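Everything below concerns the one structure shown next.
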Amino acid sequence: MSWGTELWDQFDSLDKHTQWGIDFLERYAKFVKERIEIEQNYAKQLRNLVKKYCPKRSSKDEEPRFTSCIAFFNILNELNDYAGQREVVAEEMAHRVYGELMRYAHDLKTERKMHLQEGRKAQQYLDMCWKQMDNSKKKFERECREAEKAQQSYERLDNDTNATKADVEKAKQQLNLRTHMADENKNEYAAQLQNFNGEQHKHFYVVIPQIYKQLQEMDERRTIKLSECYRGFADSERKVIPIISKCLEGMILAAKSVDERRDSQMVVDSFKSGFEPPGDFPFEDYSQHIYRTVSDGTISASKQEGGKMDSKSTAGKAKGKLWLFGKKPKPQSPPLTPTSLFTSSPPNGSQFLTLSIEPVHYCMNEIKTGKPRIPSFRSLKRGWSMKMGPALEDFSHLPPEQRRKKLQQRIDELNRGLQKESDQKEALNKMKDVYEKNPQMGDPGSLQPKLAETMNNIDRLRMEIHKNEAWLSEVEGKTGVRGDRRHSSDINHLVTQGRESPEGSYTDDANQEVRGPPQQHGHHSEFDDEFEDDDPLPAIGHCKAIYPFDGHNEGTLAMKEGEVLYIIEEDKGDGWTRARRQNGEEGYVPTTYIDVTLEKNSKGS
């Protein structure tokens, strides 16, 4: 099957068909372009969605801690990667399919134009040959008619007796001329006819089949290219399926990582105040004044005039003594302490404890007149909320447990900063010693400002650590005292409750809080431990000497080539490493002279 033999007379049809093929190719390229735009918009919308639901975190406190939140953010990360794969699909289609189609369409147009021009030229040449043959034919036909006319004229004059001999001779010459011209045109016509037939045969059996064959091959290549683009279109999607599957697996793993028990524990860690729950309501004895007698020697408090105390006067005194919740006590009233509840007043010399009337009377009036202490954390939340004001430096606006955590975090950060400054100070001192011993390496005085700044930073950090440790000890001391107070007697419980607000809010008055000594755990502060050199430093790795080192300078350690030493301190940037022999001798060696191997758990420490 060949277009050149089967479609030898369908030049115009082939022209239209090849144009349709290129148009179809461009139409498919337009389809791919729109699909690319869809993929790009889809990826862009996914990224915007991830950006919208992944909040910007300005501090560590805003980082997600709950496993459900972490899982959601992991899902967002996987979705972001998924959006990246959609972009990969779009890029692959744009490069491998759309770009290839547009280049191939341009090449097809050029090739088709060239083949059609060759066909038109061949047809024009054949038409020119036919025109020449037709002109020679017409000329031969005309000359033949003229020769026939000349012959008829000659025969007429030759048969005419009246014609002169000159006229006959002239007619004969005219006949011979026309006959000769007719013969020449006949030969010309025969030659043109033979030439046209040859060109026509060549046109329809050689030139046109060759051109049509090229058009056929061009169209078949176009079809093959479309098939390849169809396959590439699908391959662009199939290539990212494994990565997309990993993204989906990551989402599933994120879903499996959700731990409800851990989230519940985080809620406890985040909102635990450290307060004890409110205690039981004490028994309110309204009949105690009935049995009170003036002759009772154990009740040695101030006696009331009239000898009898009514409920109104009792309520009035109770309201006057509720200074923890409203009014402030008079200066002459001593603060109430648990030890003042009991007095030792043996009338006959025997040792026994009796209740003093004023504390008991005070507590009973508190019970009868004070606002009932309903177990509610509304006041706690209101008292400790950060929205009530700016955060204080000692975190006293927080509940004890949260305050302790914040202070501990700050102490840890300050200790890390102190360690960094101490390392820098040590490195500067080493560099200063090197400069003093080798002045050509640098000026020791140039390091003095940096050393002074480092010392100031160390002093400042130590003061901050000491201050925060004092606050931490205060919090721990309060927590211990309040915990012990829960196990006291009912009377002691009443006094303790008298130091709390009606709604259970916490008061931090130094004159009202019975504080125990700070909890000492028998450990020194961290910056004290940093300067203790009683114990040898642990080895963090080992090294092998590449070159020998004499170690004449003070503080250095001589070594031989190939000798193995212990590393007890890394190079701080000054070019020296602290090493130790097996016999315990320590010193500094040049870092470039040794091959260092550090333990994995000691790197970066």
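We count from 1, first residue shown onward.
The backbone N, Cα and C atoms fix where each Cβ goes, glycine too.
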For the candidates S333, S501, I need the one that Swiss-Prot annotates as phosphoserine. S501
Candidates are S227, S295, S376; I want to know which one Swiss-Prot annotates as phosphoserine. S295
What does DSSP give as the helix, strand and coil breakdown of the domain 'REM-1' (397-474)? 72 helix, 0 strand, 6 coil
From the DSSP assignment alone, can you count helix, strand and coil residues within the region 'Interaction with DAAM1, DIAPH1 and DIAPH2' (541-605)? 6 helix, 29 strand, 30 coil
